[in-house]
Every structure is written in structure tokens, then in C-alpha cells.
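The next block holds one structure in the form of C-alpha cells; read it before the comments.
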Amino acid sequence: MDPEGFTSGLFRWNPTRALVQAPPPVPPPLQQQPVTPQTAAFGMRLGGLEGLFGPYGIRFYTAAKIAELGFTASTLVGMKDEELEEMMNSLSHIFRWELLVGERYGIKAAVRAERRRLQEEEEEESSRRRHLLLSAAGDSGTHHALDALSQEGLSEEPVQQQDQTDAAGNNGGGGSGYWDAGQGKMKKQQQQRRRKKPMLTSVETDEDVNEGEDDDGMDNGNGGSGLGTERQREHPFIVTEPGEVARGKKNGLDYLFHLYEQCREFLLQVQTIAKDRGEKCPTKVTNQVFRYAKKSGASYINKPKMRHYVHCYALHCLDEEASNALRRAFKERGENVGSWRQACYKPLVNIACRHGWDIDAVFNAHPRLSIWYVPTKLRQLCHLERNNAVAAAAALVGGISCTGSSTSGRGGCGGDDLRF
């Protein structure tokens with residue numbers, strides 16, 4: 001059999017025919033089919049899941065079953081990863097529908113991508129609003145004032161209202177005086193914050209002298225956690241005996257110790273809420289507890305004040321008799337609460353001495369003190385007293401050895417020249 005004949009018979013090539021043939025007609029553009037009411041209603045039944053899961057390879061039947069369980073795209077975006085796992089497990093158990101491994105990862109990836117998209121939209125919207133405010137302000141000086149006021153948020157609203165009325169009275173309703181006054185007020189508040197920072201962070205020395213007159217002054221400023229809201233000023237504390245009720249616009253020490261018991265109750269409530277939500281449970285009184293107390297209406301409980309007197313409460317818990325005796329003695333002498341607060345350190349240092357200078361162990365061993373952090377000054381005083389005790393013991397041992405050497409006639413430390 002001739003192979004050449006087979007190939008020539010199979011492939012017939014006619015170049016002239018290829019030139020004569022006309023090109024195929026261009027197909028008409030595809031018209032997009034209108035969305036029927038049935039299709040729109042079906043998409044609404046999915047709750048936006050078709051747009052959320054579309055690019056991630058999740059089967060349509062899986063999305064439909066998730067929608068049957070009552071979940072929407074907004075619901076899934078607000079859920080945590082553990083809750084998404086529970087949702088997928090419920091889907092498998094209820095409908096006996098086995099999810100693919102890629103679908104499980106795809107659902108989580110889609111939710112994370114949607115969260116990022118929403119966050120970017122919020123940031124763009126906020127930047128756009130700020131740009132509009134800046135462009136509408138005018139000159140450069142107004143730019144700085146407006147930007148600072150917008151960043152401060154609600155904390156500058158009373159300042160704006162007050163300065164607006166002042167500017168309206170002084171300038172006949174002009175706008176330039178309003179912004180200048182707002183900027184000047186802001187600079188004054190920033191200077192006050194700078195002056196308050198070293199007072200709050202340094203070891204309490206001079207502030208305790210005037211504590212009887214103005215005890216809660218630093219608690220009502222903006223240095224605490226209450227930026228943006230004005231805390232109601234509380235009456236100052238005075239030294240009172242156990243069971244004595246303070247008269248006038250004063251608060252006694254029994255009321256102060258009662259605040260610590262309230263903080264303990266708020267901590268228990270925060271722990272219960274955190275366990276129900278599956279979140280990290282705090283074991284000590286932290287900023288989260290103070291924020292919860294403020295939201296619950298107990299704005300008189302604030303972090304600076306509670307940390308300021310925590311060692312006084314510790315003495316009350318560890319040795320109530322010594323605490324009561326100290327209160328009676330200072331009440332008889334007419335001392336203010338600042339002097340009483342300073343005097344509470346020494347009994348605690350003595351208690352730490354009996355426990356090997358480990359003040360942290362003393363706090364953690366007590367059920368009512370284990371939720372509080374040890375004050376830095378108390379820890380420093382214990383460390384200082386321990387060093388002094390070690391140095392005194394070493395000097396005593398050295399003196400005894402030197403005295404023994406001089407009496408035996410071997411010289412050594414100089415004998416009679418030492419003075420103890």
C-alpha cells in the first residue's frame with residue numbers, strides 16, 4: 001500500500017477555495033437577560049451570601065443551606081472564628097451535608113475579606129469627611145484648629161460651645177474669634193495635661209500634704225481614663241474612726257474601703273460576661289473593670305483613686321486592729337488623710353518582713369487582695385528595708401568577728417578603733 005497516496009487522499013489542500021470563502025459573520029452582542037422577580041427574590045432569600053461566597057469556590061447548595069439556618073452576610077461578618085466553626089458543624093449535623101475542606105477555609109477567608117473591605121470603606125469615609133471639613137475651613141490657622149478639634153472628638157464640645165458664645169458676644173457673631181478662642185483654650189488644656197503627667201507618674205510626695213483639702217483633684221482631670229466626659233466631683237476623704245460617719249461634704253474611710261468591695265463585685269461581673277462570650281477572663285482589677293463600672297453608673301470608681309489608696313485597704317485587710325488603731329490615733333491628732341496614707345506603709349513593710357520580704361506573696365495569699373496589683377512605692381520600700389536589714393546583719397557579723405580577733409591578740413580589724 002502506497003503511504004503517499006493515503007496522505008494525499010486524506011488531506012486535500014485547495015488554496016484558491018480558502019481565498020474565496022467569506023469570513024464568518026460577527027455574532028450579535030449578547031443581551032443581558034433582565035432579572036426576573038423570582039431571581040431577585042431568590043437572591044434576597046440567600047441574604048447576600050451569593051456575593052460573599054462567590055469568588056471562594058463555595059458550592060451553591062452550601063450557601064443555600066447556610067441561608068436556611070438564618071445566617072446572612074452581615075451576621076457572618078460579625079461572628080468570630082470559633083462561632084464560624086460552630087456554624088459549619090451545625091450545618092453538617094442538621095442537614096447531613098459534608099463540607100469540603102476548601103469550603104471551610106473559603107468561608108473564613110470570605111468573612112475576613114469582607115471585614116477588611118468594610119474597614120477600608122469606613123476609613124475612606126472618615127478621611128473624606130475630614131478633607132471636606134478642612135477644605136471648608138479656609139486659612140491655615142483654621143486648619144490646625146479644626147483638625148485638632150475633630151481629633152479630640154466629643155471632649156471639646158463644651159469648649160466649642162463656650163467659645164462660640166464668647167466670640168458671638170465679643171465679635172458680634174464673627175467666626176474668626178470663635179476659632180481663635182478654641183485654639184487658645186486647647187493650648188491651655190495641653191499645658192495642664194503636661195503639668196499633670198509628672199504628678200501622676202512620680203512617687204507621691206508633695207501632693208499628700210494638701211490631700212485633706214483637695215483629695216480628689218487629680219481624679220477629676222483629664223489625666224485618667226475619662227477623657228471626653230466630665231466626672232462628677234466627689235467629696236474629699238477625711239480620717240474617721242471605724243464606724244464613724246463623716247459629716248458635711250466629706251467621705252469617711254469606711255466608705256473608701258467599701259469602694260474596694262464594689263470593685264471586687266464589678267470584677268466578678270466582668271469575669272462572668274467574659275466567660276459567656278468566650279473571651280479572656282481578667283484575674284485582677286484592670287482598666288476593663290473600671291470602664292465597666294463607669295458604664296454601670298459608678299463613675300465615682302476610677303483608677304487613680306483606687307490605686308492611690310490600695311495599700312491602705314491592704315492594711316485594713318491584713319491587720320484590721322492595727323489599721324483601726326492608726327485611724328484613731330490620727331483622728332485624735334487631727335491629721336489629714338494624706339498623712340494617714342503615708343503612715344500605712346510602715347505596718348505593711350513590717351508584715352512583709354515577717355514573710356521574707358515577699359509583698360507580692362502576701363497580696364496573692366489574701367482572697368480580697370489577690371485581685372489588686374502591688375503598689376510600686378510599697379515594693380520599693382520593702383526592697384529598701386530588706387537591703388538595710390542585710391547590710392545591718394553583715395555589719396553586725398563583721399563586728400563580732402573583728403572583736404573576737406582583737407581579744408585573741410591576732411590583730412585583724414583594729415580592735416578598739418571600731419565604734420558601733
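Numbers run from 1 along the shown chain.
Backbone N, Cα and C define each Cβ position, glycine as well.
Per Swiss-Prot, the range carrying the annotation DNA-binding region out of 317-320, 325-328, 373-376 is 373-376. According to Swiss-Prot, the feature motif 'Nuclear localization signal' maps to residues 115-122, out of the candidate ranges 27-34, 115-122, 275-282.
From the options 13-17, 153-157, 233-237, the stretch Swiss-Prot describes as DNA-binding region is 233-237. Sequence-distant neighbours of the DNA-binding region (373-376) (same chain, 6+ residues past either end, Cβ-Cβ under 8 Å): 203, 284-285, 307, 310-311, 359-360, 363. When the recorded sites Lys280, Asn287, Arg291, Gly338 are scored by other C-beta atoms within 10 Å, Gly338 scores highest. On the 0 to 100 pLDDT scale, the model's mean across the DNA-binding region (233-237) is 74. In terms of DSSP secondary structure, the motif 'Nuclear localization signal' (115-122) contains 8 helix, 0 strand, 0 coil.
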